[in-house]
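If you look up TrEMBL, you'll see 104-282 marked as domain 'WDR36/Utp21 N-terminal'. As annotated by TrEMBL, repeat 'WD' applies to 88-129, 130-172, 173-214, 215-256, 257-298, 299-340, 341-382, 383-415.
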Amino acid sequence: MRLRRLLLRYYPPGIILEYVQGGEPKTRSIDLLDLRPDTDAIALVEEIRKGEPLITASCKEHVIHLVRRLQEKLGEKEDHKFCLFKVLRAHILPLTNVAFNKSGSRFITGSYDRTCKVWDTASGEQLRTLEGHGNVVYAIAFNNPYGDKIATGSFDKTCKLWNTETGKCYHTFRGHSAEIVCLSFNLQSTLVATGSMDTTAKLWNIEKGEEIVTLSGHSAEIIALSFNTTGDRIITGSFDHTVAVWDVGTGRMLHTLIGHRGEISSAQFNWDCSLIVTGSMDKTCMLWNAMTGTHIATLTGHSDEILDVCFDYAGQRIATASADGSARVYNAETKKCIAKLEGHGGEISKVCFNPKGNRILTASSDKTARLWDAATGHCLQILEGHTDEIFSCAFNYKGDIIITGSKDNTCRIWH
């Protein structure tokens with residue numbers, strides 16, 4: 001094994017090793033999820049060296065330098081105020097979803113008008129329209145971190161794979177017998193998964209354009225799915241009140257997470273693949289051991305349905321969004337509620353952390369999006385201007401641009 005180079009990964013903090021083994025170029029990462037600005041960098045690197053043969057004495061100083069750069073990033077103070085940059089009259093019918101590519105240079109919008117549009121973030125210009133679906137384009141995604149492909153899932157029961165730059169359709173994936181409502185690429189960008197109202201999920205090979213396996217076992221619609229970062233597991237959340245954990249290689253169901261008393265609204269792995277968080281219409285959020293499928297904790301406190309849940313990048317905090325008009329932040333380790341985000345005048349359908357994990361963005365039916373301090377729950381800013389409910393919001397990777405999508409048929413870029 002020969003080390004070729006070391007790369008920084010800011011979110012979540014880590015160092016990527018590029019190396020050659022048996023003539024093949026490979027990468028692996030050292031995750032530094034617990035890194036703090038005051039961590040002793042020299043002692044940390046000594047610790048890393050014990051378990052990582054590629055980090056030799058000759059590159060020790062360089063690794064210490066990289067760790068210190070990560071610490072500088074973590075320690076940066078920010079009081080960024082977002083201002084409206086552009087209103088995009090994106091579609092002639094309501095939007096369904098918005099999504100960024102990894103760098104934030106492009107974003108996409110899906111709509112009831114049966115199209116997906118690709119936008120340039122810096123200028124707000126429409127780059128291309130992806131046409132071909134015969135019904136609502138509901139689920140959309142870039143194959144991040146690469147961003148050279150886009151997947152669109154439609155009520156026409158198909159999923160299409162597109163070239164981001166040319167807008168050419170590579171494949172149309174057919175096989176579902178009802179609407180596709182969720183989809184996801186694996187991080188390795190070899191597979192796309194689709195979840196459908198037909199109670200199944202399917203895994204598709206991106207290169208060949210073929211179905212690999214159907215994940216059957218739920219007794220009701222699948223409305224959420226998520227790969228883990230290593231790409232060997234996928235979870236599906238269903239209206240049958242359960243979440244299933246599947247082996248990606250075999251398509252075998254490994255665990256069924258049973259405990260919720262209402263439909264699942266969202267489900268996600270944390271970064272290191274050790275935990276799964278689930279949100280449900282039963283007003284609770286649950287935490288599960290991803291390896292064994294055992295229930296760890298139930299996070300309570302909301303007085304109405306939980307509509308969205310997410311981890312921060314490092315997997316240390318969980319945010320929940322509810323129909324009760326509030327969001328909450330929980331510590332994933334202690335399971336305690338550390339902040340209540342109160343102030344919206346209507347249900348919150350979407351919640352997300354900025355990449356650094358110190359800010360939370362919420363989208364609400366009260367026509368506003370709000371920015372919050374993740375540690376204190378203090379509302380830092382209200383993003384106003386939409387004339388109908390906001391159901392989608394996202395940060396770019398640097399955390400300095402926000403997009404919001406609304407039922408008013410516009411999407412807004414905030415800098």
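The backbone N, Cα and C atoms fix where each Cβ goes, glycine too.
TrEMBL does not curate its annotations; it predicts them automatically.
Counting C-beta pairs under 8 angstroms (sequence separation of 6 or more), the repeat 'WD' (88-129) reaches the repeat 'WD' (383-415) with 3 or more such pairs.
Note on the repeat 'WD' (299-340): residues 11-13, 33-34, 262, 265-272, 274-275, 277-287, 346-353, 355-357, 360, 362, 364, 366, 372-377 of its chain, located 6 or more positions outside it, place their CB under 8 angstroms from a CB of the stretch.
Distant neighbours of the repeat 'WD' (173-214): 135-136, 138-146, 149, 151, 153-155, 157-161, 220-227, 229-231, 234, 236, 238, 240, 246, 248, 250-251; these residues of the same chain sit at least 6 beyond its ends, with a Cβ under 8 Å from one of its Cβ atoms. Here the repeat 'WD' (215-256) has long-range neighbours at 178, 181-188, 190-191, 193, 195-203, 262-269, 271-273, 276, 278, 280, 282, 288, 290, 292-293, meaning same-chain residues at least 6 beyond its ends whose C-beta is under 8 angstroms from one of its own.
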